[in-house]
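Noted in TrEMBL for the protein shown:
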DOMAIN    B:132-295  domain 'OBG-type G'
REGION    B:342-362  region 'Disordered'
COMPBIAS  B:342-354  compositional bias 'Basic and acidic residues'
REGION    B:436-597  region 'Disordered'
COMPBIAS  B:453-467  compositional bias 'Basic and acidic residues'
COMPBIAS  B:484-494  compositional bias 'Basic residues'
COMPBIAS  B:503-512  compositional bias 'Acidic residues'
COMPBIAS  B:517-531  compositional bias 'Basic residues'
COMPBIAS  B:551-567  compositional bias 'Basic residues'
Amino acid sequence: MISDIVNVIFCLGNCVLLVNLRRMRLEKCWFCSSTVYPGHGVSFLLLHVFKGYITLLLLKIFHFCRSKCHKNFKMKRNPRKVKWTKAYSRLHRKDMTQDSTFEFERKRNRPERYDRNLAENTLKAIKKIDKIRSDRASDHIKNRLKTGKVQRQKEARKQLELGIHLVKAPLALAQDSSLCLPKIKVNVSQAQTEENQPMEE
Amino acid sequence: MVQNNFKKITVVPNGKDFIDIIISRTQRQTPTVVHKGYAISRLRHSFALMISNPFYGDLLHVLYNKDHYKLALGQINTARNLISKIAKDYVKLLKYGDLLCRCKSLKVAALGRMCTIRQHMARLPSIDPNTRTMLICGYPNVGKSSFMNKITRADVDVQPYAFTTKYQVIDTPGILDRPFEDRNIIEMCSITALAHLRAAVLFFLDISGSCGYSISQQAALFQSIKSLFMNKPLIIVCNKTDLQPLDGISEADRKLVMEMKGGEPTNEEGVLLIMSTLTEDGVIAVKNAACERLLNQRVELKMKSKKINDCLNRFRVALPKPRDQKERPACIPQAVLETKAKQAAEKEKRKTEKDLEDENGGAGVYSASLRKNYILSNDEWKEDIMPEILDGHNVYDFIDPDILLRLEELEHEEDLSPEEQEALAEIRKKKSLLIQQHRMKKSTAESRPVVPRKFDTDRKFTTERMGRQLSSLGLDPSLAINRARSKSRGRKRERSVDRRDGDDGDAMDIDDNQASKKLRLRSTSRSRSRSRPPSEVVPGEGLKDSAQKVKTIKLAKKSVLKRNKNARRGEADRVIPTLKPKHLFSGKRSIGKTQRQ
């Protein structure tokens, strides 16, 4: 991690850094948890600087996908309280939090010797795992919203029953007991249809 | 006694070496404890001793400028204090280090600070009087520095540098490039001190004259400096032979050169070597010659000294006495010679990466293949490019030797796929059929005769049927069919066969036709009355009530049961299908005689 850093630009005690990595890696935005692709965003390095000497101790790296997240961070906002972030949604159980599919993706610090078969299998597996994970996540959300739907339907039905008198006369209701709008009857006289009256200009 | 003193004085390490020493020491200990300096007190002590002796004091002064030395030692002391302070700070910080890497980075930081302190100080002199030295002298622009560069591969500044094979090379710009006339006393002192060093002397001569000094001037310089080099192995190096070969110089010049070479009676051979620092030929030869000469000289010196006599007394080389004039050279087996030759050839032939680079267009054009020496299970994979990013994920995060296994487990958690659901539906269907069959069988089992399957009256159990069933299960039936056919043909006597090996499908088959046929045989009418339960009393039957009817039916069934089981058509059926069944009339008895069966 530390050996990845190449350039450091000092700026008023904060370090805004261009991280030049030996290997490409997609990072997660610290604020909104979206992926930061290489070449995008800003990374903030929290360093401990020893007095008087140019020695630094790297404490934490923050990645930001865009200036919105970066500015929010500078305003010292807590992402867990900011509605549009993933941190919030996970905390408030809007999104799936625990699942076996999350176990597959883990940052490994020990590199493995290259094996073509393993690589192939991994690439195929990633697709499958992705599909399963997204299916489960959408199911989770669907289930979460299902109760709301049911409730809304119940309410709608009730409202329909209670309020039908506003749009339908009780007499009409007696004739046609379905909870629908009354059918408007229009009398069309025969005489009119037979005569072909010339149109008045 | 004096000799001892000199040897005891450890070399004050160069700034860089200092750091290296400390760092290597700290590396060995974990958790890291920062060591202080380098037995500075010892150095000081020996230094003090030395100064007291006037001769050596002078020498030291000249060699090192004792004030300078003192200063240097003093600076080391302050360095030591500063370092200990830093160490204390960092040790305090280490307490808060939660990770090993943080401790290590702290250590690195600490050492870095110490290094910077070190760098702020003046460099220490580091001529070791005891190691073998090479003194390079000659006019400026002759190529002394470039020679130094070539053999030490370091940038030459001002001071001498130690190089790898325990030799010191001392470059002498400003000191030995002018005749002695125009020098002041201090310079003279320093020069004479250099004379005290046990060194080989390399005098550089510019053959081509491009340095700005003619050969005669250089020769004059040599003659004047000559006095310094008594008893020292001398090598005259003619540089810049690419511009002017040695043979091409004028007669007078050549004479001068020869004079230089042959002019010392004290030295064995004033060796004359040619080289060119530009084309690099001869540089290694010069270095080797100088080293050799120096080594020889030292050996001789050692031999001459008294000490060696003591040693010599202790050993004796014993040689076998020659018996006759026959020569008996050393016997080296052929295999060894061959391998030696092969190794030598290999060494010569071995291509370095640098050669490869030069061949393919030089540094900017060719980039070395770093993957060449990868150790992989299969060498075909060396040039594989592995993708690092896929669909917004880092591929390296997913790599796991048993990823397939875990993926399988994961998929098991999920719902069945449509194919799997199809199969499940089929299974359920077949199972229900089996149950149906079984129930039918059970209900009629009591009264139905168990006719063995070989009496296949409906000709149902054919090989085609078997083939169809096997293929529906997913097997290839041809083998089984062939076997069945061959077996059936093989038997002449009876057509009963083991046709049904591995044909479990048959048992599961729907016996619908057979069952329905039997049912039809047994039932007489197909009128609607059959839809009524059999225990119901229908008017006109002659029975009192349902209970009686039930009883009657039971009686009837009971009487018919045994006959049905024996496949008898009626009461009077006494047919014996086979009068002499083979299984009863053949075979050995386990006990008794087989005269009659």
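Heads up, residue numbers simply count up from 1 along the chain you see.
Placed from the backbone N, Cα and C atoms, the Cβ positions cover glycine too.
Distant neighbours of the region 'Disordered' (B:342-362): 368; these residues of the same chain sit at least 6 beyond its ends, with a Cβ under 8 Å from one of its Cβ atoms. Over the domain 'OBG-type G' (B:132-295) the predicted model carries a mean pLDDT of 69. For the region 'Disordered' (B:342-362), DSSP puts the residue distribution at 15 helix, 0 strand, 6 coil. Counting residues per DSSP class in helix, strand and coil order gives 15 helix, 0 strand, 2 coil for the compositional bias 'Basic residues' (B:551-567). Residues of the compositional bias 'Basic and acidic residues' (B:453-467) grouped by DSSP class, helix first, strand second and coil last, total 5 helix, 0 strand, 10 coil.
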